[in-house]
């Protein structure tokens, strides 16, 4: 669920998810869309959106899943039918960490509208 995803991001990158990733670029935040992702961080959100689109029959934002930390690694459980949601969230949190160097404050609360055409997954 969204709360668990936020906790993963906070622990992985050490930043509060909402102010830093809640409205970043074209794809971070609710209803991402537009042209090519702005940078590596925005691409993490784009890939996360694509991952969610591939899931069927699972409520993406409110389905709780099991996960844990093994040393510094997120480990998703395997006990629920919608555990793939955890894998999408885990991959995005790791991607944010790997792309901390691409984070650009000019894309935070990005007010310039992104093109309406969907960039293909």
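Every residue, even glycine, has its Cβ placed from backbone N, Cα and C.
As written in Swiss-Prot, here are the features:
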- 48: active site (ACT_SITE)
- 89: active site (ACT_SITE)
- 27, 29, 31, 49: Ca(2+) binding site (BINDING)
- 26-114: disulfide bond (DISULFID)
- 28-45: disulfide bond (DISULFID)
- 44-95: disulfide bond (DISULFID)
- 50-121: disulfide bond (DISULFID)
- 51-88: disulfide bond (DISULFID)
- 58-82: disulfide bond (DISULFID)
- 76-86: disulfide bond (DISULFID)
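Recorded features from Swiss-Prot, shown on the structure.
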residue	record	Cβ neighbours (10 Å)
26	disulfide bond	22
28	disulfide bond	27
29	Ca(2+) binding site	15
44	disulfide bond	27
49	Ca(2+) binding site	19
50	disulfide bond	15
51	disulfide bond	18
82	disulfide bond	15
86	disulfide bond	24
95	disulfide bond	19
Quiz item: What does DSSP assign residue 76 (disulfide bond), in three states?
Solution: strand
Quiz item: Are any of 44, 48, 49, 51, 114 (the recorded positions) within 10 Å of residue 28 (disulfide bond) when you go C-alpha to C-alpha, and if so which?
Solution: 44, 48, 49
Self-check item: 27, 29, 82, 88, 89, 114 screened against residue 48 (active site), Cα within 10 Å - retained recorded positions
Solution: 27, 88, 89
Exercise. Enumerate same-chain residues with a sequence separation of six or more from residue 89 (active site) and a Cβ-Cβ distance below 8 A; give 'none' if the list is empty.
Key: 4, 5, 8, 48
Quiz item: When you put residue 26 (disulfide bond) at the centre and draw a 10 Å sphere around its Cα, which of the disulfide-bonded residues 51, 58, 76, 82, 86, 88 have their Cα inside it?
Solution: none
Quiz item: Which state, by DSSP, holds residue 89 (active site): helix, strand or coil?
Solution: helix
Quiz item: Using DSSP and three states only, what is residue 44 (disulfide bond)?
Solution: helix
